[in-house]
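If you look up TrEMBL, you'll see 26-115 marked as domain 'PPIase FKBP-type'. According to TrEMBL, the region 'Disordered' annotation covers 1-25.
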Amino acid sequence: LQDLTGDGGVRKEQLRPGTGQPVPPSASVAVKYSGYLGNWNKLFCSNGNSKYPRLMKLGKDITLWGLEIGLLSMTKGEAALFVLAPEYAYGQRGCPPSIPPNTTVLFKVEVLDFIDSEECDAFFELTCEQQERLPLEKVLKVAATEKEFGNYFFHKQCFKIAKDRYKRALSILGRRSSSKAEQSQINASKLLLFLNLSLTYLKLECADRALKYGELALEMDQGNAKALFRCGQACLYMREYSKSRDFLARAQCIQPFNRDINNELKKLARYYKEYKEMEKEMCCQMFDPLNS
């Protein structure tokens, strides 16, 4: 076993290598873990049944010193076994009734993903005035990290949390710049967030909000096919068939071979046909008593 601390307090056996850089000290990590007593035969904690393990902040959400040391030695996708001496785990007191005093514990850990939030942590510790004075490069990096958090939660289908992270990123980009070049960079970042929010609100079945953010994206880029597509989807959800057709037709003009756009137009045609048939049937039912 690899001795990570030099005193045998945290020992590691790699089960599967990962890729990329090791987990940084400021990261938020998503891990699968199982904790054992004895010779890997007594399970006392696990999140293995969780489909989407939550992101945990190093130094805050992970309280075992030895486990944090172990995580700092891992890369994305890596799986490993760790043996933690009592002084690196639950200490002299243990954690009754599950863990006796002075107990060596064993952990099986897999790093699913991590996001380095050092820039974000530093940014939100500043006053508003200090934030305003930061170079744009740093502000854009913080917003990009918040967007990355949003993307993580979106892919885990935690759409409400994703929406909040995207909006947080937008709030960071709220400042204006006297330079056209800098404002152009800010707007480019905002455009991506508007598109992400439009899709997220569609997933949340809030079509009116999806339409709002799609239209905000179009204010920045009138020829953005993705924004037109999102607006068309939102209008279709709200049964505003004419508006939906207008948005989708404009999107199709820009990307005539886009399968998603063409399928949405077919879906619109089908829904509109069903709507007209239902309307016709209702009219017949209304006038049948008069005819009889």
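Every residue gets a Cβ built from N, Cα and C, even glycine.
All TrEMBL annotations are machine predictions without curation.
A quick note: this is a predicted structure, and the numbers were derived from the prediction, not measured.
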DSSP helix/strand/coil residue counts for the region 'Disordered' (1-25): 0 helix, 13 strand, 12 coil
Per-state residue totals over the domain 'PPIase FKBP-type' (26-115) - DSSP helix, strand, coil: 10 helix, 41 strand, 39 coil
